[in-house]
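S.K.: My structure is below; once you've seen it, I'll send some questions.
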Amino acid sequence: MARKKMRPWTFLLLTVTLQLMHQTSETQTAKSPGTSPSLLHHLHHPHDQHHPHDQHHTQDQHHPHDQHHPHDQHHPQDQHYPQDHHSHDHHDDPGPSPGPLDPSNCSFSSSLPEEQLRVEFSSSVVDSEYIVSFAGYYRSAARRRFISAALQDWGLSWTVLPRLNPAQTYPSDFDVVQLHGKLKAGVSALEEHPLIRRVTPHRKVVRTLKYSKVEEDSGKKEKPPKGEPHPHPCNTTVGGNKSWPDTQSFDSSRAYNSRRRSLSLGATYWMSASGHKSRRLMRAVPKQITGALHAEMLWGLGFTGAGVKVAVFDTGLASDHPHFRKGRVKDRTNWTNEKTLDDGLGHGTFVAGVIASHKECLGFAPDADVYVFRVFTNNQVSYTSWFLDAFNYAILKKIKVLNLSIGGPDFMDHPFVDKVWELTANKVIMVSAIGNDGPLYGTLNNPADQMDVIGVGGINFENQIARFSSRGMTTWELPGGYGRMKPDIVTYGSAVRGSALKSGCRSLSGTSVASPVVAGAVTLLLSAVLERSHVINPASVKQALMASALRLSDVNMFEQGYGRLDLVAAFHTLRAYKPQASLVPGYIDLTEDPYMWPYYTQPIYYGAMPVIVNVTILNGMGVSGKIIDKPLWEPFLPEFGAYVEVAFSYSAHLWPWSGYLAVSITASKAAASWEGMAKGQVTLTIESPPDSDEEEPRQSTVTLPIRVKIRSTPHRSKRILWDQFHNLRYPPGYFPRDNLRMKNDPLDWNGDHIHTNFRDMYQQLRSSDYYVEVLGAPFTCFDASQYGTLLIVDAEEEYFPEEISKLKRDVDNGLSVIIFADWYNVSVMKKVKFYDENTRQWWMPDTGGANIPAINDLLLPFNMTFGDDVFEGDFTIENHDMHYASGTSIAKFPQNGMLLTRTLKNQGNEVLKGETLTKEGVPILGMHQVPRPGAGRIALYGDSNCLDTSHLQKDCFWMLKAMLEYTANNVRPPPYLFSQEPVQLPPLLELPERMEGNHLHRYSKVIEGNLGKSRSRPLPPCPSLNWAKPHPLNKSAPSNLYQPQKLMSIELDPNAMPVNRPDNLLNGHLNGIQDKPGLVDSELNTGSLVSDHPTFLSMLAFLSTGLVVLFLINQFYRRRSRPKRKRPRQAAKPRKHLPSNTSYGVKIPGV
């Protein structure tokens, strides 16, 4: 009897069954970290000597840090520190290892109501208190002598505030001084002392947690975007403190003057806008975050974090928390003014648990040495000085990994930023949350946005970027440069389980959750390479994480960085790592969609403003380094590389561990009418001082492949010039939001760039085939004959007199101008100032939503003016619903121009008097043809909120396009939109005036202070680029030009590896380790929960299960075939008419 063949769909069913069982097994299984010692030898190396170098930035003239000083300091030995008054070791038993995990405890089907915890932050300057930073570390008596010598001739009363923390007995590089009397004179005197390098106002940070129930199906509740599932929190608390909800959501308010803040957020997801999916397979939320990243594979090799010091800067930790092994919490220190070391909020406990918990909700490195730094009080207050003292103590304790799940937008808080540089220069690997201000772009938090820090973004367990995760680019470099790529990597940050306040587990979401996931993973990795400590530093660890990360599909680099953390691949990379330099990103492809957004959205062409790509240089060879000679531009002649021109600006010194390479790219004159792809590469060599046992300097040569798309120069009517130079943002000054209703988010800090908070507007213009270029210099620095429209939106900066006169000439010669303004009223500005009762300090805005007096100076030659009334309201234009959010009105306009009026509410009167008044006939939109042959056109609108994604309610992109049709092509709007009769504006008695006593001159590039008044600075020269001399290569680019760069690796001795390892864990990635994020991994399944790195036992289990399933399926079909074989005997007469080949190739018995 022939064996019946299995149908093809049977194999498909079997494959799907095994795949589902494989994924289910991965989400249900988590091994407890073993205690077997590592067989690797532990080698100890002396710390490298650090050399002082200037810090780097994209555009030197705009960098916020002007001076840099050596950070190579000498500290007393650790054993001199008095341990008894602040440190408590744990005495709890390790407890049994956790058993098998029950998948029923955690899924997306939870129906429990979600409780939301809103986190609000504020930061303010402490009145009369200043941080005095010294040029070195000195004892308290010496520091006092320096201060006294600086102030003795001024007759000032001053006090050095005492330290009430463990740092009081050690040398320090700063003091907090309280001045009384002539503050400005005292600050100036201190700054003139040769051993005092900086005097900075002392800051206070307040964090407020507010609980609120999230109602289901409420009309007030914000619904997820189309195609996005509602968040389903995981109910996983086991015996926890009942005062905490089982699942919590933290919302970031991006509140006033926010600096360093906890970055926990709700478990909401940002889905790719690729269309609605009615049904899809939902992955279960894993009960153990360690299992999602396969930490058990390193535990099985005997690596559990032992020998690595990890610091948690947060809200503290209880001494008797049961989740931490006895003796593993080595030190608990309190840097606040409260007399407790315990955590009263639960955030610090959760973060520490993700890193080092050993039961219930497992951490990555349960045998690590945990150092707990309590830097926030139970009232959620902190000061910059507390952080500085705690950072110094971390350097003293030789901390290896430091987690900072807090952040804020203030990258110009000089003492804090400088201390972070000093930490990393001392080989402290800092991991920090990138921020919870997504999905907006330009919302990165400091210190995660620094080059020497590992900035971590968040994803959910569907491998999608979490909605809350902040997006790049960095805004340090604006307006003259372009931001860097951040975050560095992403990992799971939604619905992650961690330790609750007293015991048990709870689930939290936010980048403050993703950050300790990476910090714990790094701690575990370092314990696996203790014998290679001489090559471990902040740069090498960052290189290994990024080179081994898995890129997410359909996500750009400003959302994911190099991709999702792959713990096992990072282990392979770090074990074989050889000191070297690398570039981030590793290539420039201005055509790659979507990873290289926004570069791929617009081709380059001759005459355009250069495209700037800000590349980060990571130097794993040493804390300091430099670029030898100059970078070389090597065009590929057969690939039309000669049509590309390239210019460079770069760090004079790479310190600490990093630098920048700004690549400016444009098309040559020969390509003015050419279209096609052009390729080439940039080659540069990095050099660092030799190591202690070396004689020759270390060198590393890296290449940066470049591919661009060139088109012929478009007509000027299609070219728009965006004015970036006159946009100001926080930091450093208090520039308020453009919408006065946004009380919980009053700071304008997203950069006002076409690729940050005006990203949606930019994409709308590109979809209409407009070409948008960015002007980062004064109006005197562009050729107006090349552009159809100059677009000025939400400008806060002043204007040079030369700019005003040049713009008048340019408009007379055919350039058109569109201006979107915002509210401005001196009385309202005084009303919205902030006063802190605790610090007794006023914070006054430096402008309104826009600088209307400056804009009026620009418009005065055209007989146009904006007023200072503040309006809001809803109305329609044609069939479009519009919302006017804290805008201004047109107060003066040429009589032959077109004006659009609407009825609006006087919001300024409401702010000042609490009364709601309605005004009819408010002029909000004006269009005017300048009465001169060949002259351009001007269009004004009083509110920019309809273009700004930061607080967009109803967009007006359609109106902007209509205005562009008018300014560029003289396409007039329908006549019925405007009054047929000229609008009679009331006579303007006086122009809006600048507020007396404003501090705009402190932050302006245009004006400066002079004897209590402001005056114009000298007009700066226009920036000029030195185009690199080409060094052509007569070769074609590789078929896959962007094959990722390889990190140099060493040959490993197989005998040095642990004997209890699965072979398949050790075979890959040892030789020629590839920088995976350079290309999308072809084997990456974006829907899978974790990457495929199975152990031998798991493979054996899956194989056995598959054989059982195969046997059952085979038996099932054999049973189904038996009745068919008997039927011919019961109905023999009909069957004798059937041919023997009618049974699909199988002979039927009896026929």
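Glycine is treated like the rest: Cβ placed from N, Cα and C.
Sequence annotations record features per position, and here TrEMBL assigns active site, charge relay system to Asp314, His347, Ser512. Annotated compositional bias 'Polar residues' per TrEMBL: 24-38, 234-256, in sequence order. The annotation compositional bias 'Basic and acidic residues' is assigned in TrEMBL to 49-94, 212-231. According to TrEMBL, the feature compositional bias 'Basic residues' maps to 1121-1138. What TrEMBL records for 305-563 is domain 'Peptidase S8/S53'. What TrEMBL lists as domain 'MBTPS1 fourth' is 714-979. As annotated by TrEMBL, signal peptide applies to 1-26. Per TrEMBL, transmembrane segment is recorded for 1096-1117.
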S.K.: For each of the active-site residues (Asp314, His347, Ser512), count the other CB atoms lying within 10 A of its CB, then report the residue with the highest count.
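M.R.: Of the active-site residues Asp314, His347, Ser512, the highest Cβ count within 10 Å belongs to Ser512.
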S.K.: Looking only at the domain 'Peptidase S8/S53' (305-563), report the model's average pLDDT.
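M.R.: Overall, the domain 'Peptidase S8/S53' (305-563) comes to a mean pLDDT of 94.
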S.K.: Report, in whole Å, the straight Cα-to-Cα distance of His347 (active site, charge relay system) from Asp314 (active site, charge relay system).
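M.R.: Answer for this pair: 7 Å between alpha carbons.
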S.K.: Roughly how many Å lie between the Cα atoms of Ser512 (active site, charge relay system) and His347 (active site, charge relay system), rounded to a whole value?
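M.R.: Cα of Ser512 (active site, charge relay system) to Cα of His347 (active site, charge relay system) measures 9 Å after rounding.
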